[in-house]
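Record features, source TrEMBL:
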TRANSMEM  32-51  transmembrane segment
DOMAIN    35-255  domain 'Cation efflux protein transmembrane'
TRANSMEM  63-84  transmembrane segment
TRANSMEM  96-117  transmembrane segment
TRANSMEM  137-155  transmembrane segment
TRANSMEM  201-219  transmembrane segment
TRANSMEM  225-244  transmembrane segment
REGION    371-391  region 'Disordered'
Amino acid sequence: KGTIHLFRKSQRSLIGKLTHEFRLVAADRRSWKILLFGAINLICIGFLLMWCSSTNSIALTAYTYLTIFDLFSLVTCLISYWVMMKKPSLVYSFGFERFEVLAVFASTVLAQLGALFILKESAERFLEQPEIHTGRLLVGTFVALFFNLFTMLSVKNKPFAYVSEAASTSWLQEHVADLSRSICGIIPGLSSIFLPRMNPFVLIDIAGALALCITYMLIEINNYFAVDTASAIAIALMTFGTMYPMSVYSGKVLLQTTPPHVIGQLDKLLREVSTLDGVLEVRNEHFWTLGFGTLAGSVHVRIRRDANEQMVLAHVTNRLYTLVSTLTVQIFKDDWIRPTLSSVPIANNILNLSDHHIIPMPSLKAADNLNPVTSTPAKPSSPPPEFSFNTPGKNVSPVILLNTQTKPYGLGFNHGSAPYSSVLNQGLGMLGMGAAQGFRTGFANVPSRYGTNTRGQPRP
């Protein structure tokens, strides 16, 4: 049996969550106009679909899909208002701006799928062309054109406005731009109207309506029904060519790629950051578009060991914040470590005298027995001094050298680490110096006389 939680909140369903968020958006007065346009759009789509069925025109159906795309753009505008109301949370630490990008990507991809459907239906109609009724063809064309233009020009759709400016131009825009240059060459006064980059949505609405008008005229004059299929293919190609650059741009944003138009500026800022005082290296940099017009990034900065972390962080953030609004900077100091001699005592199970030699340095005498000139013992019986001056080597700790030769155990040697004081008092002289003071080892039972074997007898 599980635990009963009396005051636990009930989990909302997906529909309940969507209803709650919709009420949050509907509470803002700015969204009332969008909701009104959305309701009118649904009514227009219903009438246009009925007229498409009565006229049997696939060209009018292709043009109706542009009205359906306007409904998607209105939904995207509502999502944009919802994003502005929401604040970053633990799950979405960067905010909800990527929902705008996802809405634009989904809308443009659905429009392209509709264009592919029109191309497939048009290919089937070329085999058997049905009769087209022109009774409501022209009426449906002007109703769709008026509503599309009125929606595009009345509602300020920030996501689609940004994408239409940032994405690459479509082939329809390029051809219209070439035609506009030719017209402006004849009439220079029209340069302020035709030369700027035209809105791709307005352009495709006008071009589609023009194709339907030509279709109506040719069917009324010559009963040339195949022109309806040709107009449908033209509208589908224009739709696909207009939406494809926007899908590519929004898809790159979703893939967290670096925008091409800011790569040069980012390289310049990173070079400036690398020349700041205390900065040694800038690495692991990654910059991407978080939302439309919002650039995010992260960078690792390696600094000197004596540099001020907060000061470097402030300078780096100040340089990059002009271009990157959401920035994460990780400061870490240089990991180069100066080698030092360890003074930690060594455990008995690590150091064995059969595997290592302990070579201590000569012990120092009292200060009154030193010659003030040479800092060495003044006794005449002492051996020649090894160091004639006060060199830094006299304070060095004992050096532990590894002996690679293996020695047999059980020969009477004392194994294990010997105390430092006992090592200094043991008696194996240096080679060629008899029993004089010199470097000593930790063997207590080894004869101190050079030239004898292990039994104390002289060698032959």
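Using N, Cα and C of the backbone, Cβ positions are placed for all residues, glycine too.
Predicted, not measured: the structure shown is a model, and the values here were computed from it.
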Can the transmembrane segment (201-219) be said to touch the transmembrane segment (63-84) if we require at least 3 CB pairs below 8 Å and skip pairs under 6 apart in sequence?
yes
Using Cβ atoms and a strict cutoff of less than 8 Å, what residues sit near the transmembrane segment (63-84) while being 6 or more residues removed from its termini?
21, 24-25, 28, 30-31, 34-35, 37-38, 41-42, 44-45, 48-49, 52, 95-97, 99-100, 103-104, 106-107, 110-111, 114-115, 118, 140-141, 144, 147-148, 151-152, 155-160, 201, 204-205, 208-209, 212, 235, 239, 291
Within the same chain, where does the transmembrane segment (137-155) have neighbours whose Cβ lies under 8 angstroms from its own Cβ atoms, ignoring anything closer than 6 residues to its ends? I mean 6 or more beyond.
33-34, 37, 40-41, 44, 47-48, 51-52, 55, 57, 60, 63-64, 66-67, 70, 73-74, 77, 199, 201-202, 205-206, 208-209, 212-213, 215-216, 219
